[in-house]
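Below is one structure, written out as structure tokens, with a few remarks after it.
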């Protein structure tokens, strides 16, 4: 009557259609999720949490709990209104007459609500079985009352219904009319005519009427809320929910039409209990109203308690809900029922039914939207295990349900909708950072996998362009305990590219009962999390380190995301230091270093690979057209101190883009030099290194034109958009040493360098320089002050003659001895571009 009286028949039917469209789409989603596996206590919360993960599940669980709590209070207040309407002393009278004996005031009505709520509490405390019996009895009563009402529309003769309404000075009397079936009455009631609601004194509108009406449709979750108490929830929930939705939709539409055709607007707007006046047996209508509202109040109370119990059992809120876990001997969550009752009691202080109707409606709409979202996510993830036996849904129905819920939320109350979404977001963030990890499975992982696979297929290596090149790193790590700062440093070098931590385990799978790498995987992933680096982990078994690195270079990555740069620690005789134990990720949080990593190699213990094998790995990478970085003494780099010290000159990065082992071939624009420049620039672009300054060293000899060389290099840096300070370095003394030692056996010059496919090859470069020259070059680099945070040096190609590998490595060791954190770089691919 309230809906039809204010909105008219057309708008009332539209409201029912919109409301049932929204809940119809939601019911399809509920049925799909409910038939996709075993359900436990918690209903919608259980469905959402197991589909979307603990953050969404917990936050929506709280929202759904509050929706049911407010819904229970709403129905209790509705029952109080009905009781007071039937038995309350009329306004303006001192004492009642006949059955009108109940005093009316805010506190009296709160008392009546408390008594009625206590009755609901008693039923719910006894348990689900007595609740089921009570609701079935109420169903029979309501069905009988509905039958008598439908008969009354046809059997009752036209009559005038006196209406007493309170006003400022006392009471106001009006007359409503039951006209029987009348075309004039029907025409008069077709359109909307919104007026003041006599219970709240507020002007009604489409949204406010819809908010009150929608609470008559929120019972669709009553069955799923009892999922933990049903024998066969996957069977019962779809059948019970769908039949209930269809039945109530037909009843609401039928009642709306009959009321519009038989009752005038005054009766519908001014007397919400008019069905008693036109019934052939008025007391039965009163009993039906009481039974229906009592049933709805109990349903919401027991639903709220089951949601609270499920939240407490999942430990998402820790000790805050620990009390709600306690159950009776029969398994009834009595403490959850009592806590829910207390919250409902608090909500009763709001006083009037229509005051809290919009808040309850928005909470329910938000829950329904999330149920649809859960089903949509499961459908879009295309997981093979999502096989609901209920198939009458698609992603379109889920999307329509979400859209309908969101639109109606903001139509009803933009302020309340925004506040509810804000509250939901706060709960999401709190649970994301504070809740323990769950073993339910995260739909986000399935969706990410689905999208990543799709985009990886779209990532076509044939469309690569140098403008969009980025470093994709494979860092080989023997033991993370001695490589924590190197791992962190390479993370700064990757520039949003692929980063893979590679590790070779020297074992033979034929001699082992199972894969030894699987137990190690968790330790490596925990390490990545603790160090806060954006890296993948790739472990392999191999008979030698060289074979293992080859495997990883060939197989790491997927599609267009494969490592293009190999990073190795330097091969020297320094004893490894356990930097992991001193890393801030563990020292500040007072956490243990992850188990699973063996202690570091003792200084006297033999190494896992020889010098020849180490240089062979470098040669293999270059043959595979991978860039190579050798990092020396990076564990001594205290990045935090270097970058945060308050000294006036900012930290510097020294860049030497010339092959110091071949000064006669000095060029600054070859592929390798440009790659070295690019890597230094990439490091400088990392957020942690933006304060650092690049210093580029230009080696010049007497008799040349240094300023012309400097101008040429400055123009190159300008074209490449690299900001760096150029410093001229005279190196006549060491080039003099070079020319003394670089003669061939017959006194002629050594074999000239070979160029093949744009890659400069120095097959005999280690035979052309002496240790004395390399030491002089090392001293030249070391003398450049102030001391930098890190140095980038040119890495020559290994000699073609494998017997010279140890000499090659020895000269690299001499060149970088005592330089502090140093990166030797050799690039084989074009990485710089001057194009837009």
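Placed from the backbone N, Cα and C atoms, the Cβ positions cover glycine too.
Bear in mind that TrEMBL entries carry predicted annotations, made automatically and left uncurated.
Annotated features in TrEMBL:
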- 1-474: domain 'Amino acid permease/ SLC12A' (DOMAIN)
- 12-35: transmembrane segment (TRANSMEM)
- 56-77: transmembrane segment (TRANSMEM)
- 110-131: transmembrane segment (TRANSMEM)
- 136-155: transmembrane segment (TRANSMEM)
- 203-223: transmembrane segment (TRANSMEM)
- 244-267: transmembrane segment (TRANSMEM)
- 287-312: transmembrane segment (TRANSMEM)
- 333-350: transmembrane segment (TRANSMEM)
- 356-380: transmembrane segment (TRANSMEM)
- 392-412: transmembrane segment (TRANSMEM)
- 418-435: transmembrane segment (TRANSMEM)
- 485-573: domain 'SLC12A transporter C-terminal' (DOMAIN)
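Shown for the domain 'SLC12A transporter C-terminal' (485-573): DSSP residue counts in helix, strand and coil, namely 37 helix, 22 strand, 30 coil. Within its own chain, the transmembrane segment (333-350) is flanked in space by residues 41, 65, 68-70, 72-73, 76-77, 110, 113-114, 117, 120-121, 124-125, 301-302, 304-306, 308-309, 312, 323-327, 356, which lie at least six positions past its ends and keep a Cβ under 8 Å from the stretch. The transmembrane segment (244-267) makes no contact with the transmembrane segment (418-435): fewer than 3 of their CB pairs lie within 8 A, with pairs spaced 6 or more apart in sequence. Within its own chain, the transmembrane segment (110-131) is flanked in space by residues 72-73, 76-77, 79-80, 83-84, 102, 226, 229, 294, 297-298, 301-302, 305, 328, 330, 332, 334, 337-338, 341, 344-345, 348-349, 351, which lie at least six positions past its ends and keep a Cβ under 8 Å from the stretch. Here the transmembrane segment (418-435) touches the transmembrane segment (56-77). Their Cβ atoms form 3 or more pairs under 8 Å, with each pair 6 or more residues apart. Of the Cβ pairs linking the transmembrane segment (136-155) with the transmembrane segment (12-35) and spaced 6 or more residues apart, fewer than 3 are under 8 Å, so the two regions do not touch.
Of the candidate ranges 56-77, 203-223, 287-312, 392-412, 392-412 contributes the most Cβ pairs within a distance under 8 Å of the transmembrane segment (356-380).
Confidence over the domain 'SLC12A transporter C-terminal' (485-573), given as mean pLDDT on the 0 to 100 scale, stands at 89.
Within the chain, the transmembrane segment (203-223) has long-range Cβ neighbours (under 8 A, six or more residues past its boundaries) at 2-3, 6-7, 11-12, 15-16, 18-20, 23, 26-27, 30, 43-44, 64, 67, 71, 74, 192, 194-197, 230, 236-237, 240-241, 244-245, 248, 252, 296, 299, 303, 353-354, 357-358, 360-361, 364-365, 367, 408, 411-413.
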